[in-house]
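Following: one structure in structure tokens, then a few remarks.
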């Protein structure tokens with residue numbers, strides 16, 4: 001490893017291949033337990049704020065605005081690391097999730113809660129050999 | 001938990017909210033280490049085969065064909081579980097990854113290999129508080 005300086009935020013954002021809508025999928029993972037918490041989308045502004053503010057910020061496709069996760073719920077994500085995949089079109093965001101990640105109050109957006117009809121069974125029951 | 005029967009494959013696929021292109025993002029995670037390996041896309045046919053064959057099958061957006069991961073490389077993904085997120089528009093596929101997940105031969109598509117210029121640094125260097 002050389003002593004090269006870290007690229008500027010603009011240079012880092014320029015490495016990302018955003019889609020035709022200017023978005024990139026971002027997978028949020030709990031840094032210590034490695035649970036996959038959720039997948040959301042970032043545009044360049046959301047990524048810039050994520051890289052510089054220390055909190056995960058997404059683009060809400062339904063509300064069409066920046067979504068500073070936790071502003072309403074308090075369930076913020078403290079950013080530990082952000083990585084780009086081999087093709088430059090997916091982000092992996094390592095976070096410390098305060099409280100539940102999901103708006104349904106489950107820990108992750110993929111958790112099943114069979115006691116709650118509104119959350120229900122999120123398993124798709126593959127055939128496992 | 002009740003003794004309800006498992007829904008049919010068609011019923012399970014019908015729960016997924018595919019996008020305007022008929023695709024859904026699928027996050028592949030190593031079942032035991034919980035590494036996030038990659039993100040790829042599935043259409044209904046790919047999901048059907050994933051749920052029934054025991055191997056992860058994606059839709060290649062560049063080649064526009066089903067991509068039975070590992071057919072060329074041998075680096076197959078044995079499916080352990082498939083889960084749907086709270087909004088029904090993201091899949092989390094728990095797999096046993098044989099060999100490297102990434103076509104660059106790194107274990108995951110998010111791994112950095114600073115010794116190889118063609119793989120390089122996949123970190124985006126967020127400010128960490």
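Backbone N, Cα and C atoms are what each Cβ position is placed from, and that goes for glycine too.
The Mg(2+) binding site annotation in TrEMBL covers B:85, B:87, B:89. Taken from TrEMBL, the feature Zn(2+) binding site applies to B:86, B:102, B:109. Under the heading domain 'Phosphoribosyl-AMP cyclohydrolase', TrEMBL lists B:38-110.
Comparing local CB density within 10 A for the binding-site residues B:85, B:87, B:89, the maximum falls on B:85. Residues within less than 8 Å, Cβ to Cβ, of residue B:109 (Zn(2+) binding site) and separated from it by at least 6 positions along the same chain comprise B:37, B:38, B:39, B:101, B:102. With DSSP classes pooled into helix, strand and coil, the tally for the domain 'Phosphoribosyl-AMP cyclohydrolase' (B:38-110) is 10 helix, 29 strand, 34 coil. Averaged across the domain 'Phosphoribosyl-AMP cyclohydrolase' (B:38-110), the predicted model reaches a pLDDT of 97.
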